[in-house]
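Enquirer: Heads up, here are the entries from Swiss-Prot:
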REGION    1-30  region 'Disordered'
COMPBIAS  16-30  compositional bias 'Basic and acidic residues'
MOTIF     49-77  motif 'Q motif'
BINDING   ALA93, LYS94, THR95, GLY96, SER97, GLY98, LYS99, THR100  ATP binding site
MOTIF     202-205  motif 'DEAD box'
DOMAIN    280-435  domain 'Helicase C-terminal'
REGION    503-544  region 'Disordered'
COMPBIAS  529-544  compositional bias 'Basic and acidic residues'
REGION    653-781  region 'Disordered'
COMPBIAS  666-689  compositional bias 'Basic and acidic residues'
COMPBIAS  767-781  compositional bias 'Basic and acidic residues'
Amino acid sequence: MAHKGKAAPAKPPTSHKKEVKSLKRKRGQEELSTLRKAIDEFDLKSTPKAFAELPLSEPTAKGVRDSHFETLTDIQARAIPLALKGRDILGAAKTGSGKTLAFLVPLLEKLYREQWTQEAKLGALVLSPTRELAVQTFQVLRKIGRHHLFSAGLVIGGKSVREEAEALSRMNILIGTPGRILQHLDQTHGFDVDNLQLLVLDEADRIMDLGFQRDVDALVQHLPTTRQTLLFSATQSKKVSDLARLSLKDPEYVSVHAEATTATPSTLQQHYIVTPLPEKLDTLWGFIKANLKSKMVVFLSSGKQVRFVYESFRQMQPGIPLLHMHGRQKQLARLDVTKRFDSSKHACLFATDVIARGIDFTGVDWVVQVDAPEDTDDYIHRVGRTARYEREGKAVIFLDPSEEAGMLKRLERKKVPITKVTAKDSKKKSIRDELQSICWKSHDVKYLAQKAFISYARAVHRATERDEKHNENSDQVFKFDKLDLEGFAKSMGLAGAPQIKFQKGEDVKRMKNAPRAPLSSGSEDESGDDKPRRRKKDEVRTKADKMFERTNQDVLSKHYRNLVEDGENDEEEDFFTTKRVLRGDELDEAAGGAGAGLPTAKTIDLGGTELVLDSKRREKLIKSKKQLAKLKGKGQKLVFDDDGVAHPLYTLQDEDDFKQQGPAEALRKQFVEQEGDKVKEADIDDKALAKQKKREKKLKRKARERGEAEGNGGPQLAGGDDDDEDPLEMLRSLPMAGTTRDSGDDESEDERPKKKPKKWFQDDSDDERKPKSKVIELDHEPDTLEDYEAIAAGLLDD
């Protein structure tokens, strides 16, 4: 009878779970093989119009659809199919044409088809020229890749390097700026890029312009050569072509607007206003007051100008929210400004070219360029902040009368349509008195005005030198001498134009791109010494001490104090000015010989450069070869003819002298014949030398064979006797290759000894020569121990 009790607990359906996982894995493999087959069969000649027509995976297609991207732009329709097939791409398209999706979609598909996991580490790398563009690209990636399981990271400057380093080893996709990524490659342990599948360079021309060329070159050397590379830019330059040649393999050049009639979107209306430099700020104020219900971006040439215009206009309250952005701001402040301006309906953003590339702001109505850009590519990228994705937009640029002709000629060459407009008199208003009042009340704004004026003047001066060097007079935009700088300074509220010290363009550019030095924490003495005053550890500080040590907490106070000190020093130095520098002998003549008894400075001529030894430090300079080499000119290679006359090693012949020698074909034949004769003469000598070497080799071989046949351990030469002369004497008398023997060499004292000196353990007798080996003949094979002992005794016996 069966036992009746409680039923046993049911076992968990583990087999069912395993079966479900197996089916899911199998279904995924089938979908992956179907996707790969669809990509291979996709016709590149077709022109898809929507994302649904592309062979995309389900997570990517769903992410694109949820982000409300449906229609393909021209660059997306041509670049995405090529990238899906694994081709390297060099893409060029107008700004605002959707290049970001053109490389993000293939990036996700590449990792999805490779079944990339977190253990495989970094699989895709995206380089952006600016932090703002990197942040925007990362946000788009999060939207369209929300249904994937990849881990993505953002690496830009202004954030903690240690926090970034801790998360880098877990990233599959990385977006950042070249400098910070190269820093992690050199310093971060565990950051591995050996398995990288895809490299993307966004706005490559801007990456080159910002001085990242060395960083990118060093970065590419770290990456594997089997990667796929996508390079996108709105404009192409020589640096971009060089980068493409080094980093791309058989690239596909995709240029959707190469044959377009205009280089800018057709929905963009472009205008220019001719206004003198002293009236630019008045025109800008009137333009802002006339468009209070608009969203605009105002570009200026430097960060100091941005700060001055923002601070002064903010105090004048135009009636629209004002924001400003430049490269010297902290990263969190830049992100906050970007977010606030993007979410605003009506706002005015003063900015430098830091946001001129790739940044997509929502609903920008106007792009205003107060200062002319350095080239037309910068103009195209600036106006690209509006009229994006087939939307309408407007742009205006303020030009000085001296800049009008050159800028219009450049824009016409780049196929940029632009029309001239004039500002209404009713909209014009002079704000010179208001700015002067603000500068009088606020020393900080006055300091900003001075620095803004200096930075603008230096930028125009540098651009003028570059235009004069590379462009024709008709194509020159910037003309420093024709600008009314005195009137411009007064229009900014200053009493006059500040003094400017111009430097070389490369030095200014290097200083501008250099990182900021850390702020000094020490305080200077009242006496003006640079060394910080040390305070004792146990010294008691009273309230009075703290009050006297307190300084203005305003960020501009220290800079303004330095500016005031510099101005006071300039005024003191202006009392005595240097008119002429007299040498020692000229000073004696001027003094009528009164100083003849005093010591004068010595002068040394260093190949055309005179070195005055007027101090001990200058005298020590003579002992340093490295320092003297800097003062001397570069050497020239000279050759001397038969008469002893020196000539340069390399001389160029002009065209007339070359034609006098005869036709080129006859000279070529003559040269070929002369070289042929030289080859024949050299061939005769080579054959004779080879024949002699062959004969010597044959004689040596025969002598060695004869010596082995005689069994005396070495060859015996004819006529030689061991007791009379050295058997090697005849060999020493033979001529050696590359040496000559004279009759007097035998009697010279430097002649090498014929025989090697004997060691202490060798016999001094020359008459007795020991044989090298001794042979004992045996009648029978030894069998017993006595036989072996007898053989050993015979060998030991001399």
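A Cβ is built for glycine as well, from the same backbone N, Cα and C atoms used for every other residue.
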Enquirer: Check the domain 'Helicase C-terminal' (280-435) for me and report the mean pLDDT.
Expert: 92
Enquirer: Setting ALA93, LYS94, THR95, GLY96, SER97, GLY98, LYS99, THR100 aside, what same-chain residues sit with their Cβ within 8 Å of the center of the Cβ atoms that define the ATP site, listed in sequence order?
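Expert: Same chain, not in ALA93, LYS94, THR95, GLY96, SER97, GLY98, LYS99, THR100, Cβ within 8 Å: THR73, ILE75, ALA234, GLY384, ARG388.
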Enquirer: In the compositional bias 'Basic and acidic residues' (666-689), how many residues does DSSP call helix, how many strand, and how many coil?
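Expert: Within the compositional bias 'Basic and acidic residues' (666-689) the tally stands at 24 helix, 0 strand, 0 coil.
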Enquirer: With Cβ-Cβ distance below 8 Å and at least 6 positions apart along the chain, what are the contacts of THR95 (ATP binding site)? List them in sequence order.
Expert: ALA234, THR264, GLY358, ILE380, HIS381, VAL383, GLY384, ARG388
Enquirer: Mind checking how the compositional bias 'Basic and acidic residues' (16-30) divides into helix, strand and coil residues in DSSP?
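Expert: The composition, in the requested order, is 15 helix, 0 strand, 0 coil.
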Enquirer: Look at each of the binding-site residues, GLY96, GLY98, and point out the one with the fewest other Cβ atoms around it within 10 Å.
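Expert: Among the binding-site residues GLY96, GLY98, the lowest count of other Cβ atoms within 10 Å belongs to GLY98.
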Enquirer: Three-state secondary structure of LYS99 (ATP binding site) from DSSP?
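Expert: The residue in question, LYS99 (ATP binding site), is helix (DSSP, three-state).
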Enquirer: Report the DSSP secondary-structure composition of the motif 'DEAD box' (202-205) as helix, strand and coil residue counts.
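Expert: Summed by class, the stretch gives 2 helix, 1 strand, 1 coil.
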